[in-house]
Each structure stands twice: as structure tokens, then as C-alpha cells.
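**Student:** Got these off Swiss-Prot a minute ago, pasting:
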TRANSMEM  4-24  transmembrane segment
TRANSMEM  34-54  transmembrane segment
TRANSMEM  55-75  transmembrane segment
TRANSMEM  98-118  transmembrane segment
TRANSMEM  128-148  transmembrane segment
TRANSMEM  195-215  transmembrane segment
TRANSMEM  225-245  transmembrane segment
Amino acid sequence: MEHALIELDWADIGWMLGLLGAAIALLQWQGLNLTGQLLWAGGRTILQLIVVGYFLAVVFSLDNPWAVLLVLAIMLTIAAVVARNRINPRSKSLFGWLWLSLGASTAISLGYALVVIIQPPQWYSPQYLIPLTGMILGQTMNSASLAGERLASAIQQNPREIETHLCLGATPGQAIASYRRAAIRASLIPTVNQMMVVGLVSLPGMLTGQVLAGGDPLNASVYQILIMFLILLTNTLSTIAVTATVYRQYFNQHQQLLV
């Protein structure tokens, strides 16, 4: 039997603060002075999600492709900035390449899902495009950041080995190939682990959201399968593209290592 989603109001948000207060009190009891940090994080959580809620309500009411694309562009830009800051905040050119890499990988996987599987009445339907992009982009941002940071660290820590390969005639791509494969493999471990335990240990956002909204649990499970495979493909594409971009930051036009 399906029931409508129980709506929460501002008074309920006040009660939610009790959860934050309990966490702060427990940490203070353990001698961890994280009160300011947690209050700041909690305040940002409330403010950001309330603003996003109102903003998305406006976008949904407009039903305009340009409004939807603006939202996606903002999400992509923030993801690229966060990934750049994790990998190499001093690089000026890395942001643009990350923006293209994350955007292209997300567009490829989402395009397949929308055209072949979901087939919404309008390609820009915000009901599907915005939440799907948000779930996928958040995951691929983390995977790309992990792969890029791991590869950058490996190059910085092993300059002699890389230069030895270069002296023996290897190209930059060949010289760092083992580090790149290790970085891609490490970045995909969380995704694979999540796929192994989904439905057993954790109930992901798409599934729980539809069930809470009164949707059919089986249909929600099918949508979650789609999300998991979309995340896998997008993470794979983005880590391949990002690592290819990152290692080129460490070589000049003469194929010399810059570390």
C-alpha cells in the first residue's frame, strides 16, 4: 500500500538541530573541540539545501531548457573547481581540462540513459536531468579527484624512475603508465565496493527517495541499478580522461619531466 510522502516544515528543522546538538555534546564530552566547525557545517547544510530547494522549484516551474542547462553548468563548474583544488590548486590550465573531462564523461553516460533507457518526453526534463546529473557528477568528481591526486603524487615521488624510462626511449605516457593504471584502479575501488554491497548494507539515494515518496520499491530498485551503472561508466571515462590530462602537466614540449 502506497502512502504520500510526509511533508516536513520549519518546526521539524528545529527538531533536526537536536541531532546536531547531540553530536556536538558527545564530541565535547570526548574532549574534541569541534563545536565551531560542526555549527558552521550544519549552518551551511541548512542554508545550501534550502536555497537549492527554492532554486530548483523555480527551474521546474519554468520548464525551460536554458534554465536546466544553467543549473547543470553551475554544478559542473563547482565540481571542476573542487577537483582542481584537490589535485593541483596552482595549475591554471587544469580547471578547463577538468571541466571538459567531467562534462564529457557525464554527458556520454547520461545521453545514453536518456535516449535509450528512460526516454522522457523532453530531453531537458528537469525531473530526470538535474537529479541524475547531481548523483553522477558528485561521484565522478570524487573518483576523478582521487585518480588525479594519486597520479600527481606518484609522479612527484618517483622522478628518477620516470627519467630512467625517458632516457631509455619511452614516451611520457609510457614512462608513467604503471602509475596511471594504479591511480585509475584505486579510484574505482569505492565504486566497485558500493556495487558489491548495494541493497545489502546500504540503500542508496535514488532507491530511498522513491520509496519515501511512495513509489513502487521494485521500480525504485530498477532506477538504482541504472544509477549504479551510470556512475561506473562515468567514473571510468572521467578517470581515464583526467589522468591523461594530469600527467601532461608534468612534461614540457620536449618530453622532459618538470618535477
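Our numbering is plain: 1 for the first residue shown, then up by one each step along the chain.
In case you wondered, yes, glycine gets a Cβ from its N, Cα and C as well.
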**Student:** Using Cβ atoms and a strict cutoff of less than 8 Å, what residues sit near the transmembrane segment (4-24) while being 6 or more residues removed from its termini?
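**Tutor:** The answer is 34-35, 38-39, 42, 46, 212-214.
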**Student:** Select the range from 34-54, 55-75, 98-118, 225-245 that forms the most Cβ-Cβ pairs under 8 Å with the transmembrane segment (128-148).
**Tutor:** 225-245
**Student:** Are there residues at least 6 beyond the ends of the transmembrane segment (98-118) whose Cβ is under 8 Å from a Cβ of it, and what are they?
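**Tutor:** For the transmembrane segment (98-118), the list is 76-77, 79-80, 83-84, 87, 128-129, 132-133, 136-137, 140-141, 144, 148, 226, 230, 233-234, 237-238, 241-242, 245.
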**Student:** Excluding the flanking five residues on each side, which residues at least 6 beyond the ends of the transmembrane segment (225-245) place their CB within less than 8 Å of a CB in that stretch?
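**Tutor:** Result: 83, 87, 94, 97-98, 100-102, 104-106, 108-110, 113, 117-118, 132, 135-136, 139-140, 143-144, 147-148, 151, 180, 183-184, 187-188, 191, 194-195, 198, 204, 206.
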